[in-house]
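These features come from TrEMBL:
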type	residues	note
ACT_SITE	Ser109	active site, phosphoserine intermediate
BINDING	Asp59, His170, Thr172	Mg(2+) binding site
BINDING	Asp59, Asp332, His336, Asp373, His374, His477	Zn(2+) binding site
REGION	295-334	region 'Disordered'
SIGNAL	1-15	signal peptide
Amino acid sequence: MKALLLLFLAQLCSASLVPEKEKDPEYWRGQAQETLREALRLQRLNQNVAKNLILFLGDGMGVSTVTAARILKGQLHHGKGEENLLEMDKFPYVALAKTYNTNAQVPDSAGTATAYLCGVKANEGTVGVSAGVTRDRCNTTKGQEVTSILRWAKDAGKAVGIVTTTRVTHATPSAAYAHSANRDWYSDGEMPPDALEGGCKDIARQLVENIPDIEVILGGGRKYMFPKNASDVEYPHEDKHRGTRLDRRDLVQAWHDAKPPGKVAKYVWHRRDLLALNLSRVDFLLGEGDGGDNGGRAGGMQRGRDKGAIGGIKGCRSRSRAVPGAAGGRIDHGHHEGKAKQALHEAVELDRAVGLATRLTSPQDTLSVVTADHSHVFTFGGYTPRGNPIFGEDKAGRGGGGEGHGRDLGDILTVPPPPGLAPMQSDVDRKPFTSILYGNGPGYKIVAGERENVSAVDFAHANYQAQSAVPLRQETHGGEDVAVFARGPMAHLLHGVHEQNYIPHAMAYAACIGSNRGHCNAAGRPGAPVLLPFLALLFLLC
């Protein structure tokens, strides 16, 4: 009798998780037929010349992060989550990119940035240089510099931009303009004496000098632009935000001085100043938040970056209309800290920016690409039921935690699991576990000689560090392929499985920039609009 009762309860609970329309086979058949019709329409290839290029880069946004962010976004909109579509999911073409560095099976952000921006694979820890450069060895750099798609676009007379939620000198955006044997040489204050004596330049200096006419630069890390110990404009009493430059230069002033006469160049450090700008009267825009990887700190510029990114080049008084480039690096930081809630909310924010750019541009003349530099050892599983709140907060916002939530394997789905927990206990240590876990990282905890009982902690908190299998102070990257989503002219070139360095070559081909222009003519490809000096690149890093 008890067995029959448990079976009945399991069936009842399972049935309640299924939306009524999904019980009808015609729902799924109709959905599949509509998807088929969309796929057939893609046979009419868009071979226009791309006047605009937009690259969205989710730092650390592996496939598992994309899936979990999709569910989170759906649940934030009061749905079950799994059926939701991210804005990037709506892009018609999807590929996979192999992320390894030339000397690393599991990559870092510097070598990967060189690949998807410069079109050349490189060693870990180096930016904007070939694999002939050894990390930390300044004397191996000369003659090994490689240029980026941002430079190719600029050489073609286009307006370009970089927007990031990290410091603008971070490895991911810096490969667009810098050449360095070490990704951490943010200013000369971080460089060893031999590198300075060898004539190598710090990354902040290269931001100002290498490509001085970048129309839009928005991010964090302003302390690397100012003399050592100079007080910060926003945090004058905090030592960690003081300037770091040993050469005593003010690079913001140098940025201003490098602009042609008659051009309007604006520097902002706070969101209110950014939002107050009339971008139609600005030729060049530099915005920097606080001294670290907080291009979007609450007191700084975070919530203004979308306006600056999408509206920046478009509104700047450049040669013609343009859309800037931007990037979001805090997904990566959240994962490194084992704080999945922070990482996934950042991924949702990136997707909002993708949606905004999609609404403001046309796939007839704008090639948009969304991808990641690498993945993380982040996963979620445990046979959670449909619609299970991914962070342990139910629809009413109640968090997880409390005693008595663990259940045996035989009890799966007899009653709904507590939000965020897998619907079972471990069959080894008899303790519950969250659906979100890491392969390694700071979430490894032993209490009284055993794995921590997560039902006794607030695993729905933003700072909760999900359990990991191996203890590390910082969680590591993952080595699997990452997704590449594409929409617009020649987006079909991004298909199948590619080396990561293929991405900028495909984008450049679509826009008739860079060295491979044999297929272009004065009127562009057959049926394409004339290629005018419109925007070249929007580089968005999250």
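Each residue, glycine too, has its Cβ placed from N, Cα and C.
Where the annotation comes from TrEMBL, it is an automatic prediction and has not been curated.
A distance of 13 Å separates the Cα atom of Asp373 (Zn(2+) binding site) from that of His170 (Mg(2+) binding site).
Of all the recorded positions given, namely Ser109, Asp332, His336, His374, His477, those whose Cα is no farther than the 10 Å limit from the Cα of His170 (Mg(2+) binding site) are Ser109. Here the Cβ of Asp59 (Mg(2+) binding site) has 31 other Cβ atoms within 10 Å, regardless of which shown protein chain they belong to. In this structure, the CA atom of His374 (Zn(2+) binding site) is 11 Å away from the CA atom of Thr172 (Mg(2+) binding site). The binding-site residues examined here are His170, His336, His374; by Cβ neighbour count within 10 Å, the least packed of them is His336.
Closest in space to Asp59 (Mg(2+) binding site), of the recorded positions given as Ser109, Asp332, His336, is Asp332, taking the CA atom of each residue.
The 10 Å shell around the Cβ of Ser109 (active site, phosphoserine intermediate) contains 27 further Cβ atoms across the protein chains shown. Proximity of Asp332 (Zn(2+) binding site) to non-local residues of its own chain (separation of 6 or more, Cβ distance below 8 Å) is seen for Asp59, Gly60, Ser109, Ala343, His376, given in sequence order. Counting only the Cα atoms, the space from His477 (Zn(2+) binding site) to Thr172 (Mg(2+) binding site) is about 14 angstrom. Distance noted between the C-alpha atoms of His336 (Zn(2+) binding site) and Thr172 (Mg(2+) binding site) is 16 Å. All protein chains considered, the CB of Thr172 (Mg(2+) binding site) has 30 other CB atoms within 10 Å.
Its own atom aside, the Cβ of Asp373 (Zn(2+) binding site) has 32 Cβ atoms within 10 angstroms in the protein chains shown. Excluding the listed site residues Asp59, Asp332, His336, Asp373, His374, His477, the same chain places Gly60, Asp108, Ser109, Gly329, Ile331, His335, Ala372, Ser375, His376 with Cβ atoms within 8 Å of the centre of the Zn(2+) site Cβ atoms.
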